[in-house]
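Quick notes on the structure that follows.
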Amino acid sequence: MVRFGSAASSDNRRRRCWSWYWGGLLLLWAVAETRADLHYATVYWLEAEKSFQVKDLLDKNGDAYGYYNDTVQSTGWGILEIKAGYGSQLVSNEILMYAAGFLEGYLTASRMSDHVANLYHQMIKNVITEQKVKDFMQKQDEWTRQQIKNNKDDPFWRNAGYIIAQLDGLYMGNLEWAKRQKRTPLTKFEISFLNALGDLLDLIPALSPESRNNGFLSMSEISKMYEWDMGHCSALIKVLPGYENIYFAHSSWFTYAATLRIYKHLDFRIIDPQTKTGRASFSSYPGLLASLDDFYILGSGLIMLQTTNSVFNISLLQQVVPESLFAWERVRIANMMADSGKTWAQTFKKQNSGTYNNQYMILDTKKIKLRRSIEDGTLYIIEQVPNLVEYSDQTTILRKGYWPSYNIPFHKVIYNMSGYREYVQKYGLDFSYEMAPRAKIFRRDQGKVIDIESMKRIMRYNNYKKDPYTKHNPCNTICCRQDLYYMTPVPAGCYDSKVADINMAAKFTAYAINGPPVEKGLPIFSWVHFNETTHQGLPESYNFDFVTMKPVL
């Protein structure tokens, strides 16, 4: 039931306004680069009217309040920060989440439109594919909403309901912005498309006639998407020899058309005994309620990183059905409900869609005592294929110094089911877990990581002209530059890095950089050479530095 909280006394109100005044000054100092970049807004739930209202100001009495700092052109990143459920009235969790989504949609609608323009035709090539995707996603959405309605006492589905409420609010916020600006809003499907971007990497092949074949993708077929199109990434967790510190980092690989970035700090005060946290700081994109990369610092003390595993055995994709939850939805549910790597895995494995088949790394900072011990359960590795989620505690490996991730499954059952064993036999050791180029480079260079700066360097590493392990391929390295490949240059590859340590994580702080690597004399990427690729709202070239990401509200 939605109800208002008790009225504050005039003294309390004065104190609140005074603290808000100083907090507002601090916020302006901390986040504003130019006033034109910065947009504050607050969403209110109007109980009597059963409707939402948004105002262009920061009011901590509102049901959701925050800002978007649009500094993509100057730093490579926009910054979105939203707090919800901390206002003067008590609202239901669903109202709270809807308000948070509404605010995000309202603040970032223009960038959401840019992101759709840049990626829609990269992902959906023709009207036949478009209709198949629309039909599948409509069935999946209807099934999800019915499950939420039918299972109100089930904590899993209750938390799923919070996320769908946020998604609905996102659409309505985009609608409100479009109405005020006299612009065409994004459709519900376009917003669903944005959130399902990762899942579409497997869903689109699953809906193609080729998936009905009981075989494997050939090298010529996979070469069209290999390295970047399947969302490949690099990740590393590094433990110093005396447990003095633990660093974690992630570098995303995808089309450079996806470099419209937003780093998000979200803090939702969800009151539910089965919701462990509503707080997260993560790298993301316009209109996405999840990270996609993935790189999360969670209020539960968990860190989540992810890299994608290809499914070469396309017969597995026959098991993809709409009666399931997409990976982005299950990630959000697990992030909210879990307080350990094991409970994260157990939550995530439910209602497996078999899309966006990844390796997830869950680092539990609560189990780490620097300079003393790393307890069992500190690192869980979770991997998915259609109809199976495998997970295990791999803290023993982490204690030896590092955990690398480079788009090859760790668990033998996932590795074999996905077709990697056959690929090694046909195409060589580049597809093996132990002897892949990035496995060798991480093994050789991880010992050089001694501080945050050296962690940044390894995650931006690309010395393909001289490194013997790359074989002169600009993508056989930690941070790929497919645009430099002499045979078929494509504007794609490694386009960001996020780096932090566990002390920074306690403050929801990280360093992030947007753009392909320029280390070792590599040229700065510019769209001048790839103008045929839609890049609406993106910087013309990328030579940014690392930015410190830290919540200020």
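Quick reminder: no glycine exception, Cβ is built from N, Cα and C everywhere.
The following features are taken from Swiss-Prot:
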SIGNAL    1-35  signal peptide
CARBOHYD  Asn69  N-linked glycosylation site
CARBOHYD  Asn313  N-linked glycosylation site
CARBOHYD  Asn416  N-linked glycosylation site
CARBOHYD  Asn531  N-linked glycosylation site
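Of all the glycosylation sites listed (Asn69, Asn313), Asn313 has the fewest other CB atoms within 10 A of its CB.
Here the Cα atom of Asn69 (N-linked glycosylation site) is found 43 Å from that of Asn313 (N-linked glycosylation site).
The DSSP secondary structure for Asn416 (N-linked glycosylation site) is helix. In this structure, Asn313 (N-linked glycosylation site) is part of a beta strand by DSSP. In the three-state DSSP scheme, Asn531 (N-linked glycosylation site) is classed as coil.
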